[in-house]
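Marked as region 'Disordered' by TrEMBL: 35-78. Annotated compositional bias 'Basic and acidic residues' per TrEMBL: 47-61, in sequence order. Per TrEMBL, domain 'Cytosolic carboxypeptidase N-terminal' is recorded for 112-213. As annotated by TrEMBL, domain 'Peptidase M14' applies to 231-319.
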Amino acid sequence: MISWTASERFLLRLEELFGGLNRPADACPAAWPPAQAGNLQPVPTVHRSEEAAGPRRENSRTAEVGTSSQRRGVPVGSEVRVKPGGRVLLATAALIAGLSAARAQERLPLIVSAEFPGGSVAVRDLDRQRRVLRISPAERLETGAAAWWYFRVEGITPGETLTVEVGPHPIATPDRAFYRLESTEWTATEPGERRGDFILYRVRVNARTAWFACAPPFASPQTMEWIRRRSSHFSWFELGKSGGRAIYAFHLRDPEVSEAQRAIVWVQARQQAWAAGSSWVCEGLRDWLLSEDVRAAELRRRAEFYFVPVLDVDRVERGASGLGISPHDLDHDWSERPALAPVRLAQQRLERLIATGRLRVMLDL
């Protein structure tokens, strides 16, 4: 049944356009009958007079368009009078109401993109109606095995549930994936459902755009946040460049303590580009050392710290894994003659720190 709140105003407008009632636009109530919680009122009806309309027809369900006061005075469930052309108007209203409902149920196309720092995805299939995204990590043989995926989805209807199916690469199918909305933190999904070599993550998204990843990403935008944390205790410098991209290092120390009294601790992360969690551990250690914790304050007096949150900047930025690269992975490149720029630059700085006689710890996350 079509409610008065939807079809009544449409009929009144048609009557006005075709000269049926010639009523002012404000004569139509915003919503009549008054809404009842969980109980939509039946269509109100108007009796016709025997003299004007002749014998009464039984079981008529078409409403006459009258004034609001007329309708309010008629018992709910009474029979209705059909004006000339009324059936056509109501049929038109029903058709348009049906089209409106169909449009409301129509699903917008989902748009998947990975054109941003650290992005990586290969779309195998998009099921528009069932809202299923079937994806894999992008295959980049020259930059490592398929292990990292991170992408954006647009065209979401807020409140709907998306299913992300990932596979068939085992290393890229953690028990839980991660997602975030605009201006929100990364959130873990519910445990995925494993089906052979694939895993399905289901997420109810209350936004039009969302980002999905196998782990919370840490790339150049997060490194820039480190740079903005500069203070008297914390500074940054460029270790060097790899593939035209800067490798940033950060120095944490207590300026009130002389160098001779401080040991040196070196902390680095992301020799393997896909291991984003190591960068977050590095950041957590930095935050704690800069905190008011008495133990952190004591460590700042006793030691100074060098941090490299992202060593393999090239592959991190390109959304690659860094696993199985030529001639070998970064963590296999530590030698007298390293072939890869990130390792070579880190070794050069470490050799200088060793020469001071104060380097005590080298921590690779």
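The backbone N, Cα and C atoms fix where each Cβ goes, glycine too.
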For the domain 'Peptidase M14' (231-319), the DSSP residue counts stand at 32 helix, 29 strand, 28 coil
The correct DSSP tally for the domain 'Cytosolic carboxypeptidase N-terminal' (112-213) reads 6 helix, 49 strand, 47 coil
For the domain 'Cytosolic carboxypeptidase N-terminal' (112-213), the averaged pLDDT of the predicted model is 92
